[in-house]
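Participant: Below you'll find the structure I mean.
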Amino acid sequence: MASDHSLSSSSLSAGEKMTEAIPVTDHGNKPTLATQILDDKSSLTKIGSQNQSTEANIFPEPEVEAEADLEKSGAIPRSNVAPGGVNPADFPDGGLEAWLVVLGGWCSLFCSFGWINCIGVFQEYYQTNLLSQYSPSTVSWIPSLEVSMMFLGGPIFGKVFDTFGPRYLLLIGTFFHVFGLMMASLSTEYYQFLLSQGMCSSLGASAVFYASMSSVGTWFFKNRAAAFGVMASGSSLGGVIFPIFVSKLIPQIGFPWTMRAAAFMILGMLGIANFTVKSRLTPKPKKFDIMEFITPLREPAFALICAASFLFFFGTFLPFNYIILQAQKHGMSNNLSVYVVSILNAASIFGRILPGIFADRIGRFNVMIMTTGFSAIIVFALWLPSASNAPIIVFALLYGFSSGAFVSLAPSLLAQISPIREIGVRSGTLFAIVSIAGLTGNPIGGALLSKDHGDFLYLQIFCGATMTAGTLVFVASRWVQCGFKMKII
């Protein structure tokens with residue numbers, strides 16, 4: 001820049017430096033303000049949560065904030081910023097209001113993803129009781145549809161969040177989630193379970209999930225992965241409580257009233273979420289443009305994150321869905337086997353929180369690669385050869401911890417390489433792609449189970465192979481940003 005040498009004057013204030021260093025456009029061929037900020041890579045290299053080679057990170061911000069070394073807890077000078085607070089210095093990164101949003105998000109994930117995490121109980125119950133006339137692959141379409149609908153609503157709900165904020169998503173999502181479960185309590189036919197539990201309830205849960213995940217991202221910057229981890233632990237605790245809740249109440253009060261009791265519990269907790277979850281940013285209504293969801297895929301880092309998540313998710317829910325049946329096949333009692341999913345989800349509480357805390361310090365991509373790789377290893381090394389109670393329970397503990405990191409780290413990876421105003425839309429793109437794997441993974445597993453004459457070998461190999469492929473693509477996403485350098489990213 002022509003006046004760069006003027007910055008050496010010690011008498012200039014930070015605001016004067018900005019004025020002299022960056023000229024305003026004059027409608028000619030001179031560089032604009034945005035162009036020079038984008039070209040000034042030196043101001044971007046010191047923000048640890050962003051990477052030069054990922055264009056999604058390079059969005060305009062005042063130079064004084066960009067020069068603050070956040071990784072070293074440097075003092076961040078404040079300047080006049082654009083409304084909406086897109087600058088690192090604007091994030092509260094704590095405080096009562098921010099942590100109340102996390103509390104509401106915790107309740108939301110307890111009721112949404114926590115409910116989805118107990119799909120193994122319903123697979124076992126439907127397959128042996130209400131829908132025993134259907135094959136395992138056919139029955140698995142119900143929990144698979146739940147998982148898929150949770151993520152398929154992403155593009156729509158992400159856009160609604162960016163345009164209107166979380167309020168309407170939470171209200172409407174609460175209604176449909178509870179209404180769907182009430183209708184499931186009245187269901188007796190296969191198609192009724194598909195419509196009520198597989199579609200209606202899970203679409204409501206999806207709206208609640210996206211409203212909460214996107215809101216928390218607007219309040220945290222340096223501690224974002226930790227905040228996501230604390231919030232995501234709600235899904236793990238829900239996955240501990242709901243399987244025991246359902247399996248113990250059905251023999252006592254019957255399936256219909258068990259579903260109604262679960263719906264009333266969910267209604268109470270989502271009431272808390274409706275009062276506490278809010279976005280820090282003022283909504284900016286915009287016209288719907290499908291290209292908003294497609295354009296980010298041109299960025300290599302984002303496209304590879306989507307591909308890695310798709311592959312990893314093919315296998316993620318197979319243990320959740322089939323581990324009870326596998327345990328019973330190898331001699332575990334029915335009374336103990338219903339606790340296996342709860343054990344898995346209990347371990348994932350720590351898997352949601354601890355990796356997020358470490359990720360903020362040693363790099364979110366680094367921790368994601370380690371935890372997804374470990375998940376693939378224990379599927380091959382422990383779940384595949386397990387044939388008795390002890391190794392199955394140990395696998396549930398280890399897999400719960402390692403796979404739990406995926407849910408909390410995926411949004412923080414996406415937020416790390418994206419402009420904050422696009423987090424909702426980009427989350428929608430990512431999870432819509434993931435929903436395809438969620439929809440087809442369990443039925444493929446059920447088909448492999450039938451192909452293997454009731455044995456689980458083919459299913460377990462498929463699970464481990466897809467997780468391994470996902471881990472390698474996460475490595476590729478890191479590589480396009482910084483190569484194989486030992487770096488916090």
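Yeah, the Cβs are placed from backbone N, Cα and C, and that goes for glycine too.
Just so it is clear, the model here is predicted, and its values are computed rather than measured.
Below, the features straight out of TrEMBL:
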| type | residues | note |
| --- | --- | --- |
| COMPBIAS | 1-13 | compositional bias 'Low complexity' |
| REGION | 1-32 | region 'Disordered' |
| TRANSMEM | 98-122 | transmembrane segment |
| TRANSMEM | 168-187 | transmembrane segment |
| TRANSMEM | 193-213 | transmembrane segment |
| TRANSMEM | 225-245 | transmembrane segment |
| TRANSMEM | 257-277 | transmembrane segment |
| TRANSMEM | 301-324 | transmembrane segment |
| DOMAIN | 301-489 | domain 'Major facilitator superfamily (MFS) profile' |
| TRANSMEM | 336-355 | transmembrane segment |
| TRANSMEM | 367-386 | transmembrane segment |
| TRANSMEM | 392-417 | transmembrane segment |
| TRANSMEM | 429-450 | transmembrane segment |
| TRANSMEM | 456-480 | transmembrane segment |
Participant: Check for me, if you would, whether the transmembrane segment (257-277) reaches the transmembrane segment (225-245) - at least 3 Cβ pairs under 8 Å, residues 6 or more apart in sequence.
Facilitator: yes
Participant: Between the transmembrane segment (168-187) and the transmembrane segment (392-417), are there three or more CB pairs that fall under 8 A, provided the residues in each pair are separated by 6 or more in sequence?
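Facilitator: The transmembrane segment (168-187) and the transmembrane segment (392-417): touching, no.
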Participant: Under an 8 Å Cβ to Cβ limit, what residues of the same chain, 6 or more beyond the ends of the transmembrane segment (336-355), are close to it?
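Facilitator: Sequence-distant neighbours of the transmembrane segment (336-355): 114, 117-118, 120-121, 124, 225-226, 229-230, 232-233, 235-241, 243-244, 247, 319-320, 323-324, 327-328, 367, 371, 389, 392-393, 396-405, 407-409.
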Participant: For the transmembrane segment (168-187), which stretch among 98-122, 225-245, 367-386, 456-480 has the most Cβ pairs under 8 A?
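Facilitator: That would be 98-122.
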Participant: Looking at the stretches 225-245, 429-450, 456-480, which one shares the most CB pairs under 8 Å with the transmembrane segment (301-324)?
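Facilitator: Looking at each of 225-245, 429-450, 456-480 in turn, the most contacts to the transmembrane segment (301-324) are made by 456-480.
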Participant: Averaging the per-residue pLDDT over the domain 'Major facilitator superfamily (MFS) profile' (301-489), what integer do you get?
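Facilitator: Computed over the domain 'Major facilitator superfamily (MFS) profile' (301-489), the mean pLDDT is 88 on the 0 to 100 scale.
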Participant: Cβ under 8 Å to the transmembrane segment (456-480), counting only same-chain residues 6 or more beyond its ends: which ones?
Facilitator: 53-54, 300-301, 304-305, 307-316, 318-319, 322, 326, 329, 365-366, 368-369, 372-373, 375-376, 379-380, 383-384, 441, 444-445, 448-449, 489
Participant: By Cβ distance under 8 Å, which residues at least 6 away from the ends of the transmembrane segment (193-213) in the same chain are close to it?
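Facilitator: 104-105, 108-109, 111-113, 115-116, 122, 126, 130-131, 141-143, 145-154, 157-158, 161, 166, 169-170, 172-181, 183-184, 186-187, 228, 231, 270, 273, 277, 411, 424, 427-428, 431.
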